[in-house]
Amino acid sequence: MSLFTSFLLLCVLTAVYAETLTEGAQSSCPVIACSSPGLNGFPGKDGHDGAKGEKGEPGQGLRGLQGPPGKVGPAGPPGNPGSKGATGPKGDRGESVEFDTTNIDLEIAALRSELRAMRKWVLLSMSENVGKKYFMSSVRRMPLNRAKALCSELQGTVATPRNAEENRAIQNVAKDVAFLGITDQRTENVFEDLTGNRVRYTNWNEGEPNNVGSGENCVVLLTNGKWNDVPCSDSFLVVCEFSD
């Protein structure tokens, strides 16, 4: 065999062998791929939400329990007045009730009698009396308007002597200069009692009344029993007069 022939045969064998290797490689698997399976990998990220589907048909389940009542709503506006109802039947005539006040009247009369007795006892023990008149002196000095108010509260009046005996009684109970219930406030030198009646009995001190300063419109009883005109705003003792 010549050298050329040998070379040609070697080339043919090489080509056949290479083709055989190629086919064998295609029919076999790689070393890594043909080994045992590996572990599962981590889950991938969630995909995007799909489009909203159509509303399904109502289910066939049982109805749930009723929920708790809600809060009371605000009061509504007042309604229109209703129509007048029918007149009811006339009621029976009531019976008159008479209240017996006999016992109460008797008790009131007894209390009044007791008060009169107490008042008389006080007047007799703390005052001078002439007949049915009692004269009681205060220990405070005040102008005539307050003197009138004080005697009025005690159900009396400012003492006004009608005669010499009453004048002495007032002098004895006062024991100091005291107002008399006599003025000439309405008409100068026309002296009247506090009810507006002109006085008939007088007992002026010598030279009185002199109306010094044109403001002496009230009268006081001096300690000697004589009278003197003074301003009504001056303060003197008060003698109140009470009648039995």
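Cβ coordinates come from backbone N, Cα and C, glycine included.
Which of C232, C240 pairs with C218 is settled by Swiss-Prot: its disulfide partner is C232.
Residue pair P81 (4-hydroxyproline) / P69 (4-hydroxyproline) shows a Cα separation of 31 Å. Counting every protein chain shown, the Cβ of P78 (4-hydroxyproline) has 6 other Cβ atoms within 10 Å.
P81 (4-hydroxyproline) has a Cβ environment of 6 other Cβ atoms inside 10 Å.
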